[in-house]
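For reference, the structure is listed below as structure tokens.
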Amino acid sequence: MKRKPFPWHVVVFLAPAVAIYSLFMIYPLIDSLILSLQNKDPDGAVVFVGLQNYQTLFSSENWSKPFWNAFWNNIEFFLYHMLIQNPVGLLLAVLLASRIRGGWLYRTIIFTPTILSVVIVGFVWRLVLNPAWGISQGILDAVGLGNLNQPWLGLENTALPTLSLISVWQNIGIPMMLFLAALIRIPDELLEAARVDGASAWTVFWRIQLPLILPTVGIVAVLTFVGNFNAFDLIYATQGALAGPNFASDILGTFFFRTFFGYQLQPGDPYMGATVAGVMLLIILTGVLIYLFAWQRRLQNIQF
Amino acid sequence: MRKWLVFLFLSIVVMGLTGSALAQNKVRLTIESWRNDDLKIWQETILPAFMKKYPNIEVVFAPTAPTEYNAVLDTKLKAGTAGDLITCRPFDKSLELFNAKHLDSLNDLPGMNNFSAVAKAAWSTDDGKTTFCVPMASVIHGFLYNRAIFRELNLQVPTTEAQFLQVLQRIQQTGKYSPLVMGTKDQWEAATMGYQNIGPTLWRGETGRQGLIAGTQQYNKGGFLQAFEALAKWRPFLPRGYQALAYPDAQNLFAQGRGAIYPAGSWDIATFRQMNPRLELGAFKPYTFGTASQCVINDHPDIAIGLNSASKNKEAARTFLAWVATAEFAQLYANALPGFFPLANVQYTVSDPVAQTFLSWRKECQASFRTAYQILSRNANPNNENDLWNASAQVLNGTFTPKQAADYVQSRLASWYGPQKGK
């Protein structure tokens with residue numbers, strides 16, 4: 001029997017992707033991790049310090065307090081997306097999948113904010129909520145709730161919820177589309193059979209649709225998690241790098257930005273910045289691993 | 001048509017050739033700068049005046065975008081391709097260049113004695129012994145007010161804190177206008193146009209500022225604490241929803257005539273002239289207090305110019321720098337850029353009446369500048385300037401008492417700055 005020749009074509013086809021991915025993703029990642037293990041000695045020379053930067057980040061009050069503040073804010077930011085964006089996205093998808101009249105129009109309108117630039121979204125919402133001439137005052141006045149209006153983006157207990165909801169508003173199209181794609185793939189026979197058996201729409205959703213789109217639910221959850229813990233742009237565009245008031249809207253992305261690049265008179269610190277980035281990588285990695293092992297493995301057998 | 005183009009092209013070439021032949025015995029200087037907004041002013045006003053006086057020196061203004069300037073300049077200096085004259089950012093950025101031997105000491109330049117120590121501080125070594133840039137201009141803080149509203153409500157310009165608060169109260173009672181137009185969302189206004197505007201009078205200007213650097217004065221004692229207390233009194237007079245008003249929002253409110261008094265930096269003059277030319281603008285200086293009756297203004301150094309150590313035309317470059325220290329330059333610069341005030345102690349007049357008012361305070365008051373800019377903001381975390389922004393904004397938001405704000409800023413400064421340790 002003749003030995004199979006080495007499959008060179010596989011190497012050739014893989015090479016461009018591997019090369020580009022290594023050069024632009026793997027190499028910077030490793031380089032950033034190495035940077036987080038270095039610092040400057042008093043003479044200004046770069047030295048290897050092991051895990052000392054990580055120790056500083058968690059033990060020195062000047063570092064740990066803003067870090068944990070950003071971390072818990074980030075959890076809150078994530079929970080708003082998990083508890084509002086994804087369930088509402090699912091609801092919209094189920095409604096659209098039921099072939100309501102004008103579904104394509106709703107689908108387009110709901111998806112539109114997703115394709116807008118974050119800078120535009122931040123700017124528009126800042127105008128809407130502006131206490132001096134924003135339309136939020138007029139809208140609330142019209143329904144007699146004018147005195148409920150608040151400087152939403154300027155108060156410590158409303159800034160982060162407001163920003164989270166803006167982000168939900170912008171991104172809700174993504175889970176909606178993913179859920180919709182999964183729902184459409186469910187064979188009509190299954191739904192028809194259920195209806196013939198007398199199942200209500202409610203039962204159809206819980207007993208047939210939801211179990212069959214569970215893999216998508218998992219993917220949406222993990223995408224939300226990764227997206228939220230990498231988030232930066234909306235907060236930066238709306239609140240600036242100081243993520244005010246009093247860092248009430250500071251999340252890991254803005255904390256990293258200030259640390260690495262500096263701000264106004266604050267000099268940038270690439271070593272501590274890389275350390276923050278390292279911890280962010282660890283958090284995201286943990287989340288993704290939990291998904292892979294606890295969720296995706298159990299789903300492998302569900303098929304139709 | 002074609003012929004004409006060829007002719008035009010040839011004549012340009014010929015003119016170019018004769019031009020460069022004439023320039024053979026001319027020295028050519030290049031200025032590095034981040035003020036690309038001012039390109040026209042330099043090319044059409046400032047440089048022709050110099051070259052008329054010194055026909056054998058040709059000066060070219062070659063600016064870069066403000067955000068790229070630091071990086072571009074660093075690269076050029078390392079490669080040895082930077083211009084002869086370097087526009088200097090204030091404080092640490094230029095000090096870095098001097099320490100790296102990219103800038104020459106200018107202690108013996110004729111005209112340097114036209115500048116006070118405060119004016120030179122932003123471009124001097126920490127001990128103040130060596131100055132490496134010729135100060136060009138500063139910005140001054142104070143208050144702008146709407147003269148039409150003051151006339152309508154029959155109000156007098158306040159000079160003391162009591163009068164200031166009384167005026168604010170009167171405006172509030174009529175309910176037509178926001179008494180004091182400022183927001184806290186961007187945070188820096190609270191510190192820069194609030195705390196650092198009225199504060200210098202309370203901490204006795206340079207005495208207080210240098211006391212902080214020496215460790216003999218603290219943010220949570222004396223004038224520095226009083227300044228937070230004075231700032232807290234502004235709270236009831238700010239526009240509705242001020243916590244979410246950004247800097248451009250406040251500018252718009254005031255330019256539209258919806259507010260009476262605007263805590264300002266002198267650069268705002270040009271902005272308001274442009275936004276609403278019919279706005280009747282007036283200015284008054286930071287008010288004094290019962291306990292502090294000597295006014296001190298925040299005359300913040302912003303821009304200077306230095307000599308590249310690698311320049312091949314140092315003689316000509318020094319001639320230019322000496323000219324920057326003269327009254328002629330001051331006169332040209334001040335009128336081309338109202339709101340940026342030349343720092344030299346020479347006679348010059350500005351034509352904008354509001355800018356004139358700002359300038360007149362230099363004669364009546366002592367001068368100092370923002371406390372966190374020299375030395376105290378060298379640390380990345382905690383950073384003194386960022387802390388002042390946050391604390392001042394929180395005092396106005398009512399989430400910090402003045403004492404809490406002062407303790408917050410002081411304890412974080414003391415956590416890393418040697419002379420303040422344990423204080």
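Cβ atoms here come from the backbone N, Cα and C positions, even for glycine.
Residues annotated as domain 'ABC transmembrane type-1' in TrEMBL: A:71-293.
Tertiary neighbourhood of the transmembrane segment (A:7-30): same-chain residues 281, selected by CB-CB distance under 8 Å and a gap of 6+ residues from either end. Residues or ranges marked as transmembrane segment in TrEMBL: A:7-30 (among others).
Residues 103, 106-107, 110, 160-161, 163-165, 167-168, 171-177, 179-180, 183-184, 205, 209, 217, 220-221, 224-225, 227-229, 231, 251 of the same chain sit 6 or more residues outside the transmembrane segment (A:77-97) yet have a Cβ under 8 Å from a Cβ within it. The transmembrane segment annotation in TrEMBL covers A:77-97 (among others).
Annotation source TrEMBL lists transmembrane segment at A:104-125 (among others).
The transmembrane segment annotation in TrEMBL covers A:163-184 (among others).
Per TrEMBL, transmembrane segment is recorded for A:204-226 (among others).
What TrEMBL records for A:271-294 (among others) is transmembrane segment. Sequence-distant contacts of the transmembrane segment (A:271-294), counting only residues of its own chain at least 6 positions beyond either end whose CB sits under 8 Å from a CB of the stretch, comprise 29, 32-33, 35-36, 38-40, 53-54, 56-57, 63, 67, 71, 218, 221-222, 225-226, 229-230, 252-253, 255-256, 259-261.
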Q | Folded-back contacts onto the transmembrane segment (A:204-226), same chain, C-beta under 8 angstroms, at least six residues removed | A | 78, 81-82, 85-86, 89-90, 94, 97, 174-175, 178-179, 181-183, 186, 190-191, 194-195, 284, 287-288, 291, 295-296, 299, 302, 304
Q: Mind checking which residues of the chain, 6+ beyond the ends of the transmembrane segment (A:163-184), have their Cβ under 8 Å from one of its Cβ atoms?
A: 76-77, 80-81, 84-86, 88-90, 92-94, 96-97, 107, 110-114, 116, 118, 121-122, 125, 153, 209, 212-213, 215-217, 219-220, 223-224, 227, 231, 234-235, 238-239, 249
